[in-house]
Amino acid sequence: MAVEIHGIGVSPGAAYAPVARLAPTPAPPADTGPEADPAAALETAQAALEAVAADLDARAAAATGPSADVLFAQSMMPRDPALAAQVEKALAGGKSTPHAVIEAYGFFRAALEAVGGYMAERAADLDDLRDRTVAVLLGQPMPGLPDPGHPFVLVAADLAPADTATLDPEQVVAVVTEQGGPTSHTAILAKSIGIPAVVACAGATGLADGVKVLVDGRTGMVTIDPGPGWVETALEFERRRAEALASSRGPGRTADGHTVQLMVNLGSPADLDAAAAIDSEGVGLFRTEFLFLDRENAPTVDEQTETYGRVFAAFAGRKVVVRTLDAGADKPLAFVDHGDEPNPALGVRGIRLADHSDAGRALLEDQLTAISAAAAKHEADVWVMAPMVSTPAEAAAFAAACRAHGIAKAGTMIEVPAAALRSGLVLDGCDFASLGTNDLGQYTMAADRMNGDLAELLDPWQPALLELVSLAAESGRELDKPVGVCGEAASDPQLACVLVGLGVTSLSMSPGSVAEVRAELATRTLAECAAMAAAVLHAPDAVTARRVVTEL
């Protein structure tokens with residue numbers, strides 16, 4: 001008899017294959033006490049750290065897009081001089097070399113978790129780097145994926161970016177993890193690679209190697225030992241889905257012709273060529289943090305102008321929505337004094353940085369100057385929005401600053417519940433809004449989006465979150481101003497239909513999701529989307545919301 005377990009579907013598709021589990025992390029070796037020659041031990045540790053970094057560099061060179069970006073970022077961590085300094089300190093304190101490395105990584109893991117927000121997302125990554133470094137020191141193979149010799153469903157408590165980014169879809173036909181959430185590295189990378197994935201799936205690690213499972217990355221359902229009829233139905237649906245995607249072209253619209261702009265999210269120049277090649281209507285979220293993070297000095301206006309210009313040139317004739325710098329104590333800048341904040345995720349970040357410091361104001365001025373200069377040289381339709389806006393006054397002040405720089409379209413992210421609740425007044429002072437459902441969900445549910453134990457609360461199908469989306473969309477309709485969604489919620493084809501039914505006018509998503517969302521929208525009328533939205537708003541929880549939409 002088939003048994004079902006449920007998680008959160010984060011990368012659509014269906015696959016049927018035997019389970020192969022990721023081996024658990026081995027227990028750390030016993031601490032053998034002080035090293036006879038701490039200086040030589042430090043050199044040994046540094047060589048092991050460099051070996052891990054070099055391995056990640058090689059993996060990054062073989063990868064593309066988001067996978068390469070993540071791996072290159074990972075390779076910087078073992079090379080951080082501050083990490084070596086902590087290893088040296090632990091050796092001086094009497095630790096053996098492996099335990100000095102363990103202690104050093106633990107020091108930075110605790111520091112990142114204490115900061116919270118964006119930096120906390122990096123904390124779990126350190127565990128994998130630690131294990132790889134210790135393996136090198138002990139002369140053991142680095143942790144890696146199982147290889148049963150046939151295609152399989154990979155099951156794990158969680159996956160490190162170094163493993164997820166290099167998955168071979170010919171062998172790993174689906175991924176199921178017990179931890180993680182919709183915005184985890186596992187979710188983002190599996191979607192970019194095109195592998196069906198389910199995260200936050202309670203009981204997944206209890207599955208035995210070899211047991212056959214049917215994974216539905218759309219619904220989050222994992223069926224153990226399904227009957228032949230189940231498998232045939234799921235795989236036939238997947239075949240029809242592939243055919244629909246192959247014929248998906250042109251602007252987004254519902255079956256009765258209601259238009260919905262479908263755009264891509266862009267996070268770095270490395271993704272530019274692939275994103276520009278997608279049949280989309282532009283960039284709905286151009287994240288600019290890559291220009292500011294991991295450097296000692298702020299980028300110059302000329303440097304920014306050149307970088308923005310490359311993006312605008314690639315999307316000539318299409319819309320590009322630029323989000324100004326979303327940094328602060330949770331994404332600290334080396335050249336800004338952020339001070340100490342007990343809760344950085346609720347602190348001075350986003351537009352608040354410009355409102356609370358001279359340095360932040362100067363950064364915003366330079367960025368708007370550069371965006372305006374680049375827009376004047378290219379044919380893209382450039383819009384600009386501010387992150388972390390909470391009040392109508394903040395939205396109006398930002399719009400005024402944009403207009404002072406010659407920027408015609410100025411808007412705001414809605415990712416704070418207060419902005420959604422007062423969206424009419426927020427929109428009254430600017431030209432458009434874009435709902436960042438990742439942060440809006442986190443703040444609405446009071447749940448850290450990197451805490452796997454709270455993944456259910458962070459499900460983008462949560463009716464409370466969607467009610468806030470509905471409020472903002474209604475404000476947009478009343479004021480005749482566009483309101484879009486640029487969170488990962490837009491990448492879910494069925495949820496995209498719900499969002500359109502709520503009144504959202506544009507959807508921005510990972511490039512690989514555009515064709516599927518366009519194909520799904522084309523099967524629904526606007527009235528059907530509205531019926532889906534109404535059903536979801538009346539659901540008591542995310543699981544029920546998904547079910548009632550599936551049953552419509």
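Each Cβ is built from the backbone N, Cα and C atoms, and glycine gets one as well.
Since this is a predicted model, take the numbers as computed values, not measurements.
These come from TrEMBL:
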type	residues	note
ACT_SITE	HIS185	active site, tele-phosphohistidine intermediate
ACT_SITE	CYS486	active site, proton donor
BINDING	ARG287, ARG323, ASN438, ASP439, ARG449	phosphoenolpyruvate binding site
BINDING	GLU415, ASP439	Mg(2+) binding site
DOMAIN	6-122	domain 'Phosphotransferase system enzyme I N-terminal'
DOMAIN	152-220	domain 'PEP-utilising enzyme mobile'
DOMAIN	250-523	domain 'PEP-utilising enzyme C-terminal'
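The structure, with features from TrEMBL marked on it.
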| residue | record | Cβ neighbours (10 Å) |
| --- | --- | --- |
| HIS185 | active site, tele-phosphohistidine intermediate | 25 |
| ARG287 | phosphoenolpyruvate binding site | 17 |
| ARG323 | phosphoenolpyruvate binding site | 23 |
| GLU415 | Mg(2+) binding site | 26 |
| ASN438 | phosphoenolpyruvate binding site | 18 |
| ASP439 | phosphoenolpyruvate binding site | 23 |
| CYS486 | active site, proton donor | 28 |
By the DSSP assignment reduced to helix, strand and coil, which category contains ASN438 (phosphoenolpyruvate binding site)?
helix
On average, what pLDDT score does this prediction assign to the domain 'PEP-utilising enzyme mobile' (152-220)?
88
Between GLU415 (Mg(2+) binding site) and ASP439 (phosphoenolpyruvate binding site), what is the CA-CA distance rounded to a whole number of Å?
5
Based on DSSP, name the secondary structure state of the residue listed as 'active site, tele-phosphohistidine intermediate': helix, strand or coil.
helix
According to DSSP, folded down to helix, strand and coil, what is CYS486 (active site, proton donor)?
coil
Compare the Cα of HIS185 (active site, tele-phosphohistidine intermediate) against each of the recorded positions ARG287, ASN438, ASP439, CYS486 and report the nearest.
ASN438
How many Å separate the Cα atoms of ASN438 (phosphoenolpyruvate binding site) and CYS486 (active site, proton donor)?
9
Between ARG323 (phosphoenolpyruvate binding site) and CYS486 (active site, proton donor), the C-alpha gap once rounded to whole angstrom:
11
Could you round the CA separation between ARG287 (phosphoenolpyruvate binding site) and CYS486 (active site, proton donor) to a whole angstrom and send it over?
11
